[in-house]
Amino acid sequence: MIQVLLVTLCLAVFPYQGSSIILESGNVNDYEVVYPRKVTALPKGAIQPKNPCCDAATCKLTPGSQCAEGLCCDQCKFIKAGKICRRARGDNPDYRCTGQSGDCPRKHFYA
């Protein structure tokens with residue numbers, strides 16, 4: 001049961017991109033023991049679809065993509081400059097997309 005939990009957590013965090021996932025099913029609810037280099041069945045919902053912005057074989061952006069993830073990335077393109085990506089909290093201002101990156105600017109801490 002612990003092995004199933006670990007494999008399920010791993011698959012939920014790291015999308016299935018190729019044949020490197022290691023799992024073989026016996027007959028117990030499609031979960032079973034981990035065996036090297038063979039995939040026969042996976043729990044429903046354990047595999048996330050691959051990111052269309054990334055080429056899994058090269059680990060690079062697909063042609064025409066500007067970004068693959070981030071609060072300022074939408075459908076593989078940078079979000080326009082000025083869009084709020086993180087609301088103000090306390091004394092910190094709203095953080096806005098720059099239009100040059102898929103990442104929301106980092107929080108600034110003042111002494």
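The backbone N, Cα and C atoms fix where each Cβ goes, glycine too.
A quick note: this is a predicted structure, and the numbers were derived from the prediction, not measured.
For reference, Swiss-Prot has these:
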type	residues	note
SIGNAL	1-20	signal peptide
DOMAIN	47-111	domain 'Disintegrin'
MOD_RES	GLN48	pyrrolidone carboxylic acid
DISULFID	CYS53-CYS76	disulfide bond
DISULFID	CYS67-CYS73	disulfide bond
DISULFID	CYS72-CYS97	disulfide bond
DISULFID	CYS85-CYS104	disulfide bond
Exercise. Using a 10 Å radius around each Cβ and counting other Cβ atoms from all shown chains, which of the disulfide-bonded residues CYS53, CYS73, CYS76, CYS85 yields the largest count?
Worked result: CYS73
For this session: Mind tallying the domain 'Disintegrin' (47-111) by DSSP state, helix then strand then coil?
Result: 0 helix, 15 strand, 50 coil
For this session: Give the distance between the Cα atoms of CYS97 (disulfide bond) and CYS104 (disulfide bond), rounded to the nearest whole Å.
Result: 6
Problem set entry | Candidate disulfide-bonded residues CYS72, CYS73, CYS104, pick with smallest Cα gap to CYS53 (disulfide bond) | CYS73
Exercise. About how far apart, in whole Å, are the alpha carbons (Cα) of CYS85 (disulfide bond) and CYS72 (disulfide bond)?
Worked result: 7
Problem set entry | Chain-internal residues near CYS104 (disulfide bond), provided their CB is under 8 angstroms and they sit 6+ positions away | GLY70, LEU71, CYS72, CYS85, ARG86, TYR95, CYS97
Seminar exercise, completed: CB contacts under 8 angstroms to CYS67 (disulfide bond), restricted to the same chain and 6+ apart in sequence, sorted by sequence, are CYS53, LEU61, CYS73, CYS76, LYS77, PHE78, SER101, GLY102
